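Notes to accompany the following structure.
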Amino acid sequence: MRASMPEMGRKEKMRRAESFLFVPRNKYGTSESEMAKGGLAKCGLMVDLRRRLMAKAALQLVDKDSGVDKQKALETALGNIERSFGKGSVMRLGDKKVMDVEAVPTGSLGLDIALGIGGLPKGRIIEIYGPESSGKTTLSLHSVAEAQKNGGVCAFIDAEHALDPVYAGKLGVDLDDLLVSQPDTGEQALEIADTLVRSGAVDLLVIDSVAALTPRAELEGEMGDSLPGLQARLMSQALRKLTGSISKSKCMVIFINQIRMKIGVMFGSPETTTGGNALKFYSSVRLDIRRIGAIKDRDEVIGNQTRVKVVKNKVAPPFRQVEFDILYGEGISKTGELIDLGVKAEVIEKSGSWYSYKGERMGQGREKTRNFLKENPAIADEVEDAIRRNAGLLADELLNAGMESEQDDDLPDAAEG
């Protein structure tokens, strides 16, 4: 009798496991009849599990040499998937034009051309990173203004607590319709983002910035506590949850990020972005924005010369590069960009320091030509239309400029090695 006890124990365990699997119970192990006696609500979790197990049992492994009609078997499999997970869970790529990506303009004509689809893609994750005062927030606010012009609802999660409403208004942002949140912790910020995205009512969401998404454990700890990888784990988990919702709701999420320096790097760039590597993988577009010079009016600095490089692009060819001016209190200079792109597209003629359009001189020097285009918006519109017609030619030039810049960036690293 003693020898049979272990065997009886295994059988009893199997019987109990089977009865627990196929009898609906709640998380406390209470059966449906027991819940009914106790006046609790019925739990259908295990019933659903049993149904799925039965559906799996119906699908048997088919040998390819058995002569079964593949098309019929595929239709049966697709039917089972749609019944289990809903219609549209699996589709043929030719059934729907999934590659036609809608875009939101960036406020920069050159950058729209460089991105290949006329702006930043909807329903995707975007990362904009660069050094301090390079124009990251300015570029994001221009995108917000463009989305609002098209009737979109926008939200701004200000984790840095540094949003300037007056400056945002000057860039064209409708402050009355802009949703703003200043969360205390990184978890709170990402939960708010998740809720807004899942609502399906928000078209563009900006998170400024990843570096300011402080984990709750870090805030509750003391200064000097070592908490390695905490923010990276937070971002990785959040992006896993957000990606599907972002795609379904067609909401574009822009993450603004800062750069840091890696210690002890001998070869290659020592720069890296905060928040781990997850954002690099989940982003459909990554923009590297840099300040490359100052714009002066006599001795007074009135703006920055800015260069943006498309480091990653899943919807068009990457590595294109564009330059434009950001004027203080005004944002991206549209007229200045028209001059530069017009010369590249051979729409505007440049002879020495003089700029001409259709044989008519507009001004001597860039600043006077910019003022001429401001005072003559009809001519500026003509130039813009001509540039858009030559967008393909310009895109190739921007790509070549980006590749040359890439080679130039590699030269100092090779010299150091």
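A Cβ is built for glycine as well, from the same backbone N, Cα and C atoms used for every other residue.
Predicted automatically and left uncurated, TrEMBL annotations should be read as such.
Some features that TrEMBL has for this protein:
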type	residues	note
BINDING	Gly130, Pro131, Glu132, Ser133, Ser134, Gly135, Lys136, Thr137	ATP binding site
DOMAIN	100-259	domain 'RecA family profile 1'
DOMAIN	264-337	domain 'RecA family profile 2'
Within 8 Å of the Cβ centroid of the ATP site residues Gly130, Pro131, Glu132, Ser133, Ser134, Gly135, Lys136, Thr137, which other residues of the same chain have their Cβ?
-> Ile289, Arg291
In this structure, which of the binding-site residues Ser133, Ser134, Thr137 has the fewest other Cβ atoms within 10 Å of its Cβ?
-> Ser133
State which of the following binding-site residues has the fewest other Cβ atoms within 10 Å around its Cβ: Gly130, Pro131, Gly135.
-> Pro131
In the domain 'RecA family profile 2' (264-337), how many residues does DSSP call helix, how many strand, and how many coil?
-> 9 helix, 39 strand, 26 coil
Local confidence of the prediction over the domain 'RecA family profile 2' (264-337), expressed as mean pLDDT = 94
Going by DSSP, is Ser134 (ATP binding site) part of a helix, a strand, or coil?
-> coil
Site with most surrounding Cβ atoms, counting all protein chains shown within 10 Å, from the binding-site residues Glu132, Lys136 = Lys136
